[in-house]
């Protein structure tokens, strides 16, 4: 019989580890010694990426040694003695009242944790830290069930800043199912943007396919930004209506955490043809080869616009 775990306990541990990851990232940034290495063209890795991932995975292994974990970076995982807390949500009224009972005994074999220890690494190396975040997603039988986003470089209003004296960090998390409210988000739509169609897409990997998608949707406003997690959050918090990246580049660790949060607020994420993303440890399926489209509403409308434009 498969071992089981309580999703509230696993989410508790991941929340705390994402926050501690933020401490690591801030410390590396403040040191000025980022230890930048290039994994490939325009794909940097820093000391903060490695230390963050080692801390998260090493800590999770102290409790759940058998759970499948997929992290962005290829690195050795050290032995860690300190166990992360699993009781952060034990007194959360929403969790107590609304978490489905079956979520408290999920078979470990059906779970995968996806970790992007430092999303928007390129922006991090350039000092544009407002879009930097740690992403942790948990999938169950191929579908997102919980997600955590931690933003290290934001102020008390949740706005990115380079002013170190204002860094307080922000945690956003959700468990999909049962109606547990998403924690840490707010509607950030500017009054002047009400009624507009706002599209967000890549800043650093803009190409002909991306331009074609923009032309197909014809947004009133275009937001080009770094970090898949950051752009997903723009949609989750209603700053953008749709995030389109219709080409290779994003990976499952970029989207699993945001995908869970998106589902919990009623949004949707698929590939640009409308096909569901299946979360797997298969190396051939880690990359979203057809790209992604993320919406808070009217998902099929945007799928149709892309299809009609292509045809």
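Glycine residues also receive a Cβ, built from the backbone N, Cα and C atoms like all the rest.
Pulled from Swiss-Prot, these are the features on record:
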ACT_SITE  49  active site, proton acceptor
ACT_SITE  121  active site, proton acceptor
BINDING   72  Mg(2+) 3 binding site
BINDING   116, 119, 254  Mg(2+) 2 binding site
BINDING   202, 205, 227, 231  AMP binding site
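Between the recorded positions 49, 72, 116, 119, 254, the minimum number of other C-beta atoms within 10 Å of a residue's C-beta occurs at 72. For residue 121 (active site, proton acceptor), the same-chain residues 6+ apart in sequence whose C-beta sits under 8 angstroms from its C-beta are 43, 44, 45, 46, 49.
When the binding-site residues 72, 116, 119, 254 are screened for a Cα within 10 A of the Cα of residue 227 (AMP binding site), the ones that qualify are 119, 254. Cβ packing within 10 Å was compared across the binding-site residues 205, 231, and the lowest neighbour count falls to 205. Of all Cβ atoms in the shown protein chains, 20 besides its own fall within 10 Å of the Cβ of residue 202 (AMP binding site). Taking only the Cα positions, the spacing between residue 205 (AMP binding site) and residue 72 (Mg(2+) 3 binding site) is 19 angstrom. Reduced to three states, the DSSP call for residue 116 (Mg(2+) 2 binding site) is strand. Residue 116 (Mg(2+) 2 binding site) has its Cα within 10 Å of the Cα of these binding-site residues: 72, taken from 72, 202, 231. Highlighted in sequence order, 201, 203, 204, 224, 225, 226, 228, 230, 245 have their Cβ within 8 Å of the centre of the Cβ atoms of 202, 205, 227, 231, the residues recorded for AMP, and are not part of that set.
Its Cβ taken as reference, residue 227 (AMP binding site) is surrounded by 27 other Cβ atoms within 10 Å in the chains shown.
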